[in-house]
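Structure record follows, encoded as structure tokens.
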């Protein structure tokens, strides 16, 4: 070992040795991790409004998104080989690291926000974690539960943050968010167990990952070779680009153009969050069992199209509230697409598959806000911190939302051509590769090869799948 020249990435295989873990991996672990992470950031909704107009923030968001696009396939591929827990700890830590610097040093906050894009891919690792411990027919329900947890974290956190900010100031809000983030990191380190079976990790250590496999541009080349993967990736890009832009400007739009009060904005977020929980737990499960995975994606895109058209032409508060109910139903799109990708990937390629989707979403997180801001600027719709202003004499009060509706319409047309059942080419090849590797270990008498059934590593999400 002393004579071996180690590559930098090879040291990551030793991270699990220093991470205590207890019990058996469960979907509950993934739910708690996601809830705490986004609850911490939800508390910062009001303080974020004070920094969102600064130039460094406008620059760091595209940088963060582009870095996520580059790193997501790499982190996903590494987690397929060396396990999920170490990379889950890493992504949660770096995603939450900028929070305390919002008050300590704004410039350090902007810098850490940019750099955190390298590791801000928690969803890809979480979805791979869930795929390791659930049966395939139950995976879409589990993904819906995790996505609903994201919505649940935003039901009360913005309102709590706004109350604390108004009563005690932004500093206390940042402190509370930091405590929640530290609790999340501690939960991952001390409580969350590894989900990837030992036999999959141990037999993989002898075969280091190739940089070509994790290279994002190599991933793009693989996308072009598989028509189904290409269709899924284009659908994700066209549907999430307007969603990312909407997240960056919608609350300011409600305040400045539609004249929502801060309390009304917090209530709007809570309403959409509660309805999203219902949509992603109850309706998603029913739709997946009745109309199938692909048709569920199409229905979610249809709701998103209707929602964006309503946002673009709506000029009264009641219109926004009504469109918010449709927005909640459109939240089924992402877990449905993630389930579709998971079903198409082999068990040893879940991290790479989810990393590819998360990388595209990261790219949208960088492009969407800039695109929406540019369209608002072109149509002279001001979203600066000032007294509420009307949208002028424009026929379309929200021009960026109309552009987003056009993008989702194209996504809907592309998604129609996605086949119902398809096995990813790379997943099949890699699975065959690893199977042959396992056989060679068995023939050579390696103690790393075991005959334990995979079934013991699967956690039934639902005791009766017919319920």
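Placed from the backbone N, Cα and C atoms, the Cβ positions cover glycine too.
Please treat TrEMBL annotations as automatic predictions, because they have not gone through curation.
Since the structure is predicted, the reported quantities are computational estimates derived from the model, not experimental observations.
The annotation domain 'Major facilitator superfamily (MFS) profile' is assigned in TrEMBL to 1-196. Residues or ranges marked as transmembrane segment by TrEMBL: 27-44, 56-79, 86-102, 108-130, 142-160, 172-192, 229-254, 260-284, 296-313, 319-341, 362-381, 401-418. According to TrEMBL, the compositional bias 'Low complexity' annotation covers 437-446. Summarising the annotation, TrEMBL assigns region 'Disordered' to 437-467.
Between the transmembrane segment (142-160) and the transmembrane segment (172-192) there are fewer than 3 Cβ pairs closer than 8 Å, counting only pairs 6 or more residues apart in sequence, which means the two stretches are not in contact. The stretches the transmembrane segment (362-381) and the transmembrane segment (260-284) do not meet in space: the count of Cβ pairs below 8 angstroms, excluding pairs fewer than 6 apart in sequence, stays at fewer than three. Proximity of distant same-chain residues to the transmembrane segment (319-341), defined by a Cβ-Cβ separation under 8 Å and at least 6 residues beyond the stretch ends, is recorded for 127, 139-140, 143-144, 146-147, 151, 232, 235-236, 239-240, 254, 258, 260, 268, 271-272, 274-276, 278-280, 283-284, 287-288, 293-294, 296-297, 299-301, 303-304, 306-307, 310-311, 353-354, 356-357, 418.
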